[in-house]
Every structure is written in structure tokens, then in C-alpha cells.
Amino acid sequence: MADRGGARRPRGDQEPLGPRLRAPRSARETRQSESRAERGLPPSQRSSVRSAASGHDRSTRGAASGACKPRVKKKVRPRSSQSEKVAHSKELTRSKKLTRSKKVTGTQEATQVEEVTTIEEATQTEEITVAEEVTQTENMAQTEEMVQTEEMEPPTLSVVVTHSNERYDLLVTPQQGNSEPIVQDLAQLVEEATGVPLPFQKLIFKGKSLKEMETPLSALGMQNGCRVMLIGEKSNPEEEAELKKLKDLEVSVEKTANHLEELNKELSDIQQGFLAKELQAEALCRLDRKIKATIEQFMKILEEIDTMVLPENFKDSRLKRKNLVKKVQVFLAECDTVEQYICQETERLQSTNLALPE
């Protein structure tokens, strides 16, 4: 230390320093030349060159001559390509892991969303199914109620009846025992609404007179709202009484006609040989007596009809009486035919020498 920098003075006796003296020019030029020469060398050899130039091998730091070692910036060693690749691969691995985790998270979230959606859809489907079943049940119940109502309520038909200048809106319902309304039901309803008795009525539908009382209205082509025209006058008490008499006589004619039909059948059995020959004579005598009583009954009916005096204004009564007389005359003619056959069979038995009871 004494050789390099001389003797050190004690700190307490330090004298004020004077201005720093520069080194001689020759020495400065030498350092500059050294530095210039040293610039072309690598950093590992620069210190030795500098020492050789100064004439001794020592460190320049702290030299008494005041020469300082120039500071050299420490260069950052560039990363090698292998380290960069490793870092890049690590970053790629990290980014891939993040991407995978994100994908897994997204997949899990999507799966959860799909499960929730599936549950909601299943719930909605169940609700819709339940609602449809309830609707079907209600519809079936309503249909059953409608069917029961239709079965309980008989079919009806609305008809518009016109009489002179009057109009009647009627609702025809079938009577007990009929599945649908017939002409008889319509005529009775017209009688109640208009006051025209059924015998005096003439109902016309589409230009045709409704005469058959047992014909269903649907068979005539009648539908709801159809129009029916009524021709006839309201009842006359006197004529109504005459009509009642004629009706009673008509019932008697029907009964007598039924009796005549039975006699005609018995005669047919005898003619076909269904009865034994020994019994035929007695049966023929009995038939002869019955046919004569039947003829007498028809004659009495004709007499009662003839005794009825009907004014000319009783057109319906007069027409009914005329038709009844014709009917009785037809039955009388049939009685004459039966009586004639009885006589022929009796003569045939007599010709075969069969004794007839007295």
C-alpha cells in the first residue's frame, strides 16, 4: 500500500486538498492509445494489455496515478433457442390446459343446461299429456251427456202451418209408443192450435194431401222449418154431433166386416175338404144362418145412415156419410157372394145323397 499510493495521512491531520492535477500529457496520451489499442481486443485480454502498457502488472482500480477502469455495460446473455422452445412449450401446455378446462367446464355447463332443458321438456310433456287426458275425459263426458240427452229427449220437428191469413209455429213431438212424429201427431197439434177438428182438416205439403195418418213425417221429406197448408173451417157444434154419429156407425161397420171375414174363412175350409163330410152339412147350415145375420146388420147400418139429415153446408159430414155408404155396400156384396157359395155346397151335398138335418 505504501509503494502504490504513498504513506496515508492520519484523518485528523488532513490538509485541504488543492486542485486535482492532471497527469502529464504523455501519460494521458499513453492511456488513450492503450484504450484505443485495447478496444480491438476481447474483454478477457484488455486488463493485461492495460497493465503492460503502464509498465506493471496490477489492478488499475485505486491507482495513485488516478487512472480509472472504464465501466463496461454488462450485456444480457440472449436466451438460447432451446430455452425459448421450452418456455413456448410450457406456455402452450398451460394454454392447452386452460382451454381443456374451459371446454370441460363448458361441456359440464352444457350438460347441466341440457339436463335442465330435458327435465323441463319432460315436465311440460307430462303437463300437456295430463291436460290432453283431462280434455279428452271432459269431451267424452260431454259426448255421453249429449247422447244421454238425445236418448232421453224424443225427436221433434218444427213445422210452420198456414191457415187463411194466420201462421202457426208448431213443434211436433211423437206420441207414446212412436219413435218419431207421424201425420196423426201433426193433425192433433193443428187441431189444438187452430180449432179446426181433425175430420175437417186437409193438410197439404208440397202440393200433396196428407191422408195416411200413420205415415212418419220424415218419410214425407219434412224437415225443420217446413211449411204445411191447412184447409178447413172451425168446428160447428151441430155438424160435430153428426160427425160423431157417423164415426160410431163406422166402428160398427168395421166390427161386422171382421165377422164377415171369419165366415168367409170357415167356408173356405169346407170347400178345401178340411172338415169331415159327415160334419159339413151341419157346418153349412150354421154358416148360412150367420151370413144372413151379418147381412141384416149391414142393412141396419144403412138405415141409420139414411135417417141422418145433413144440411148442404155440412160438407165434411155429407162426404163422410157418402164414403161410409159405399163401404157398407161393398161388404153387402161380399155377403151375397158368401151366401151363394154356401148354397152351392149344400146342393153338392144333397146330390151325393147325404141327409141334411132339419
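Using N, Cα and C of the backbone, Cβ positions are placed for all residues, glycine too.
Listed in Swiss-Prot:
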DOMAIN    157-237  domain 'Ubiquitin-like'
REGION    1-113  region 'Disordered'
REGION    114-212  region '7 X 6 AA tandem repeat of E-E-X(4)'
REGION    185-232  region 'Interaction with HSPA8'
REGION    229-358  region 'Interaction with PPP1R15A'
REPEAT    102-111  repeat '1'
REPEAT    120-125  repeat '3'
REPEAT    126-131  repeat '4'
REPEAT    150-155  repeat '7'
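When the domain 'Ubiquitin-like' (157-237) is classified with DSSP, helix, strand and coil residues number 19 helix, 28 strand, 34 coil. Summarised as a single figure, the pLDDT of the repeat '4' (126-131) averages 69.
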